[in-house]
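J.: Please read through the structure below; I'll follow up with questions.
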């Protein structure tokens, strides 16, 4: 039977900004997007700050965006939740955190804090690290060591010195704690199974393998002199009196304070997996460690979780499933967790009637080297699916504007957007031919701002609104929409009643 599918099409990191300088979205030749914008109802959505459950003025990101999109309601994000717990004293009494503290006291061992050192608020926040230091000291933990992962991606490419100085000031004010290793997130926070990167971070933390420096500031300066910005700092060791400050040993405790799961999973696995074949962990692989993660990274990780997920009922996948509608989730590797796990409110398993297609992202060092990424392959698979009338609802993510946008390079990002536009045309025209409709929008901004006012590369997300197009004639879109309104709009287009839990509203004016 012929289907008229309704699709959610996410152009990841494709924000809306009037200024054209440094704006890859404005400068790209995108005839398909422009044609839909000219011919169909369109507007903009808020995708940052309070509108997605983040602190005011905080830029959106893919995890938060997809969670809000799938939930059809504003979802209180981990960042806000942990901030609130610190403020209200719950953090200090958190069971999992206290179990880590107790473990070190019972074993006369050390506590190690892993995580991304910045205030980017995408994967972590430096305030949470400082709160952990204060709490561990209050609770009588003898020694605490920090394994700092440098950012340079959700914040400026060379901003780690200020975060290291903030951390060193906290250490000095508390007279407690020390930095043991420093690593760029490229190594410690890989998510694409490039195990040789993770291995470098792991071996620095466990074996003190890597270049040695007495001062983390000197380490970073040496890296800059070597043309390696924060993200790419090779894992290195901090020494005192010629000896490594600390390594993770048997009976120690680890708290991984990143709250966003996807880039914390692989390193966590390296420490906790019983069965392991990705690289040789060596004779020093620590035994009997207490491993605590700030949030649930993956149910398969043998760790205690400080902030368990809040279960969400009636997310878009569940509603479609309960209505007996078939649904497809499709993306390449980099955004596959977003259209599945995050879209399903932190649930890994498929709902009945939900199918998934994963297309591998290209194995290149950085995506500016291949700006089209796997957009053509994703589209080939989807076109085949639509032609065969497989699904009533489709959730598609094009990763390119975001992943190439993170390079801070304008030209490759323009190419990325042009590749996406070509493929967007193939998908949407086919959906329209089938009598279906699409909601085309972004989860957050990025590629519309590729340079700072000073003309330096801008690699982070932004707080700008995102464009939205609903490819249905004869309807009007209301103003003031946000990401939480997308799922109700999809249900509206499918003729399905919105459940009470979805507090977002359809964008289509009644």
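FYI, residue positions are counted from 1 along the chain as it appears here.
Placed from the backbone N, Cα and C atoms, the Cβ positions cover glycine too.
Pulled these features from Swiss-Prot for this protein:
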BINDING   12, 62, 443, 444  Mn(2+) 2 binding site
ACT_SITE  62  active site, phosphoserine intermediate
BINDING   123, 153, 154, 185, 191, 260, 261, 262, 263, 335  substrate binding site
BINDING   402, 406, 461  Mn(2+) 1 binding site
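I'd like to know what surrounds each of these features in this structure.
T.: Residues within less than 8 Å, Cβ to Cβ, of residue 12 (Mn(2+) 2 binding site) and separated from it by at least 6 positions along the same chain comprise 62, 335, 338, 397, 398, 399, 400, 401, 402, 403, 442, 443, 444, 446.
Every protein chain shown contributes to the tally, and the Cβ of residue 62 (Mn(2+) 2 binding site) ends up with 28 other Cβ atoms within 10 Å.
There are 21 other CB atoms within 10 A of the CB of residue 263 (substrate binding site), with all protein chains counted.
The Cβ neighbour count for residue 461 (Mn(2+) 1 binding site), using a 10 Å radius and every protein chain shown, is 31.
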J.: Report the same-chain neighbours of residue 191 (substrate binding site): residues 6+ apart in sequence with Cβ closer than 8 Å to its Cβ, ordered by sequence.
T.: 262, 263, 265, 266, 334
J.: Apart from 402, 406, 461, which residues in this chain have a Cβ no more than 8 Å from the mean position of the Cβ atoms of those residues at the Mn(2+) 1 site?
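T.: After dropping the recorded site residues, what remains is 12, 13, 61, 62, 153, 401, 403, 405, 444, 446, 447, 459, 460.
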J.: Of 123, 406, 444, the binding-site residues given in the record, which has the fewest other CB atoms within 10 A of its CB?
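T.: Each of the binding-site residues 123, 406, 444 was scored; lowest Cβ tally within 10 Å is 406.
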J.: For residue 406 (Mn(2+) 1 binding site), find which of the binding-site residues 123, 154, 261 come within 10 Å, Cα to Cα.
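T.: Qualifying among 123, 154, 261: 154.
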